[in-house]
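Taking it in order: structure first as structure tokens, then the write-up.
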Amino acid sequence: MKTSGGSDAAKRRAGESAAETVTDGEVVGLGTGSTAAHAIRRLGDRVDSGLDIRGVATSFASRELAAECGIPLLDLDEAVGSDATGIDIAIDGADQVAVGEGESEVGPLIKGGGAAHAREKLVDASADRFLVVADPSKETPVLNRSVPVEVLPAGRSAVAEAVRAAGGEPTLRRAERKDGPVVTDNGNLVLDCAFGEIADPDALSTTLSTTPGVVEHGIFVGLADEVHVGTETGVRVARR
């Protein structure tokens, strides 16, 4: 489920900071969520001023916003196919970011509050550089929020049992504006799985990834190259 917290001004500073690193001719992965939306809008402004880029959307929502902002779009297959140059940079938000000593270390993330984490991970992992944008409310010493797990509809019960066996408590994500569950852009369901403090995100990531019926989960380990954290006065950048 989506997280709240952090001012819109802080989110805007983070998103715009990452957008300013994009250079002419690049293919850009366009993330999902309120902070990533600020990056998309800033990129749209830069396109209006002559920046030559192409975007790869991570969700229906980011595709719609990019189109509104005048950013030319590619499908993922067009961007990473055998005749393509690849994705140069991806900019995406996070629901929680583990920070290291002195808030300068890039740690693992939890994503998927918008139920787009399967495509987000595909795009973000394909990029040469992956920049995370967030506000301070998303920072934590240890990941502890529920992990979104996208599952095949037929595998919901089996995956739920596997999550319980791994020490988690799964909850089917319900839609807010219609009866029934959330259905992802891929036609699947989402289990929000509470594990408490996640001492070993890498191990849990492996466990979930190897569970039959799991399409993708929201733990991102070792993917982020930079984290841009917007504050009330500026932007703090951590680099790997």
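For all residues, glycine too, the Cβ spot is worked out from N, Cα and C.
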Listed co-binder of substrate (same site as Thr32, Gly33, Ser34, Thr35, Asp92, Gly93, Ala94, Asp95, Lys111, Gly112, Gly113, Gly114, source Swiss-Prot) among Lys138, Lys178: Lys138
CB contacts under 8 angstroms to Ala94 (substrate binding site), restricted to the same chain and 6+ apart in sequence, sorted by sequence, are Leu109, Ile110, Lys111, Val132, Val133, Ala134, Lys138, Phe220, Val227
Taking every pair from Thr32, Gly33, Ser34, Thr35, Asp92, Gly93, Ala94, Asp95, Lys111, Gly112, Gly113, Gly114, Lys138 (the record's substrate binders), the biggest C-alpha distance in Å rounds to 15
Identify, among the recorded positions Asp92, Glu120, the residue whose Cβ has the fewest other Cβ atoms within 10 Å in this structure. Glu120
Does anything in the same chain, at least 6 positions from Ser34 (substrate binding site), have a Cβ under 8 Å from its Cβ, and if so what? Asp8, Lys11, Gly93
Tell me the Cα distance separating Glu120 (active site, proton acceptor) from Gly113 (substrate binding site), rounded to the nearest angstrom. 11
Just jot down the residues in the same chain as Thr32 (substrate binding site), at least 6 apart in sequence, with C-beta under 8 A of its C-beta; none if empty. Thr58, Ser59, Ala61, Ser62, Asp92, Gly93, Gly114, Ala116, Glu120
